[in-house]
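Novice: According to TrEMBL:
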type     : residues : note
COMPBIAS : 455-474  : compositional bias 'Basic and acidic residues'
COMPBIAS : 490-500  : compositional bias 'Basic and acidic residues'
DOMAIN   : 18-448   : domain 'Major facilitator superfamily (MFS) profile'
REGION   : 455-506  : region 'Disordered'
TRANSMEM : 16-36    : transmembrane segment
TRANSMEM : 57-78    : transmembrane segment
TRANSMEM : 90-123   : transmembrane segment
TRANSMEM : 144-163  : transmembrane segment
TRANSMEM : 175-194  : transmembrane segment
TRANSMEM : 266-287  : transmembrane segment
TRANSMEM : 299-315  : transmembrane segment
TRANSMEM : 335-354  : transmembrane segment
TRANSMEM : 360-378  : transmembrane segment
TRANSMEM : 390-412  : transmembrane segment
TRANSMEM : 424-446  : transmembrane segment
Amino acid sequence: PPPANAGRAPGPPDGGWGWVVVFGAFISIGFAYAFPKGIAIFFKEIQDFFGTSYSEIAWVSSIMLATTYGAGPISSILVNRYGSRPVVIFGGLLCGIGMVSAAFCTSILQLYICAGFITGFGLALNLQPSVIIIGKYFLKRRPIANGLAMAGSPVMLCTLAPLNQFLFDNFGWRGSFLILGAILLNCCVAGALFRPIGAATASVKTQATVEEKGALKKEVTKDAMEMSSSPMDVPMETKMEEEGGKDCCEKINRYLDFSLFKHRGFLIYLIGNVLMFLGFFAPIVFLAPYAKHIGIDEYSAAFLLSILAIVDMIARPTTGIVANSKWVRPRIQYFFSFSIAFNGACHLLCPLASGYMGLVIYSIFFGLAFGMVCAMLFETLMDLVGAARFTSAVGLVTIAECCTILLGPPIGGTLIDTFGDYKYMFIKCGAVMVLAGTFLFIMNYYNYRVLAKEEKERKAKEEDPKSVRTENEGRNNWNKETVQDEPELEPLREEKEGLQKEANGT
């Protein structure tokens, strides 16, 4: 006979090849988050070449970022169907094709399609599988692994900024796009490192196939019995349509678990994150223009982003180590709520920074808070829904966040245009993030209380002898009633004995 765990998938190894997977995720996540911000250095020359306004050319990054988040459900479906490795490799090919095609564009609309939609969709196919595969390789050390993988974003941002400037000075924007398309093909190499985990996958699939065949036979037999016993005037077309609708819903729900919208913790996380992203990216976009607005030179203003990225680079893995400690891990949702509120507090204090040293201090604290939030963004979601439903949860969350990501910077720009001052934009972003952090803290406290109460009630039911006594008393009462009703049940008892004799004879 086969061993007891023959069809059971092995647990996460928490190391070994998992660290190679973290390195691959470091590359793919870094490109997914940093590339839409890094190509902004080419916008001035592209704007002059096509004769467009800055707002029109800025839509390239916005479309790319929104597509990266908006295509989350499609990426999750593909991961559930084919696995992380082929999806990331295909996404790397799309990124390369999109940027190479963008080098030959002759209109801004073509640039939207090639650099915005195609490259953005390729980055989406890099982001989701990289986050998902880490959850399959790590359990105890998962916060550390997520923190190291998410550190790819600031590292890539620090690398792409001087690299893009070098390429721009030597090859122009068209030649730079060709070279960047070739560089993005490294995502295919990162995807090749995502080795599927578990040698028992085939046996699990075989066992599932056998079970499905057995269930199918039972359903066919049951349907045949119901058809023989049911009246013939029932229309068969109606039954077929209902069964077809059920099959379609089951197929969709297998790839995207919409029952998560009944999950209390998931809904709390979703509402808090959608609110948070209204003020999450706008301060990064407007930090350098704000520095120039108060009279700081261009190179010093650009250096503020480098300071932010360097601190962010250190903060992400450090946050992962802290979140993995025995004091923080059981209540990681509180730590995540504090990080969001801390981020908002930094933005609220930013208008007080009147000189360059004040902005440097703001950049340091902003980088620390930004890294803390990003390091726990997906870890807290997996903590709520579990690894089995995480793939669907990521897809549903990113499609909801896509709208606020797209609206956040334009709302901030509208405030700047209306009041002629950047401080109202920072105040708006800070207030929104403090509100989001407070909401998550209060609702997670409520969620923890309800979960503890439900667990206590469940244990009380299992251990309470009164419930067992009540069941025994009910069974005894039923036996007494049966004895009292014995004369009335005599014909049924005789019929039952006759059926037993026939069965024994058979």
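Just so you know, glycine gets a Cβ as well, placed from its N, Cα and C.
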Novice: Six or more residues beyond either end and a Cβ under 8 Å away: which residues meet both conditions relative to the transmembrane segment (424-446)?
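Specialist: Here the qualifying positions are 265, 268-269, 271-273, 275-276, 278-280, 282-283, 286, 290, 333-334, 336-351, 408, 411-413, 415-416, 418.
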Novice: For the transmembrane segment (266-287) and the transmembrane segment (390-412), decide whether they are in contact, meaning at least 3 CB pairs lie under 8 A, counting pairs 6 or more apart in sequence.
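Specialist: Result for the transmembrane segment (266-287) with the transmembrane segment (390-412) is yes.
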Novice: Would you kindly list the residues that approach the transmembrane segment (335-354) from elsewhere in its chain, counting only those six or more residues past its ends and only Cβ-Cβ distances under 8 Å?
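Specialist: For the transmembrane segment (335-354), the sequence-distant neighbours (Cβ-Cβ under 8 Å, at least 6 residues beyond its ends) are 272, 276, 279-280, 283, 294, 319, 322-323, 328, 361-362, 365-366, 369-370, 372-373, 376, 380, 422-423, 426-427, 429-438, 440-441, 444.
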Novice: If I count Cβ-Cβ pairs under 8 A between the transmembrane segment (360-378) and each of 57-78, 175-194, 299-315, 390-412, which range comes out on top?
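Specialist: Against the transmembrane segment (360-378), the leading stretch is 299-315.
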Novice: Find the member of 57-78, 144-163, 175-194, 299-315, 390-412 that has more C-beta pairs under 8 Å to the transmembrane segment (90-123) than any other listed stretch.
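Specialist: Going through each listed stretch, the top one turns out to be 175-194.
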Novice: If we skip the immediate neighbours and take only residues 6+ beyond the ends of the transmembrane segment (299-315), which ones have a Cβ under 8 Å from one of its Cβ atoms?
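Specialist: Those are 151, 153-155, 157-158, 161, 284, 287-289, 291-292, 356, 359-360, 363-364, 366-368, 370-372, 374-375, in sequence order.
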Novice: For the transmembrane segment (390-412) and the transmembrane segment (144-163), check the count of CB pairs under 8 Å (sequence separation 6 or more) and say whether it reaches 3 or more.
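Specialist: Not in contact, no.
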Novice: Average pLDDT across the domain 'Major facilitator superfamily (MFS) profile' (18-448)?
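Specialist: So the average pLDDT across the domain 'Major facilitator superfamily (MFS) profile' (18-448) works out to 79.
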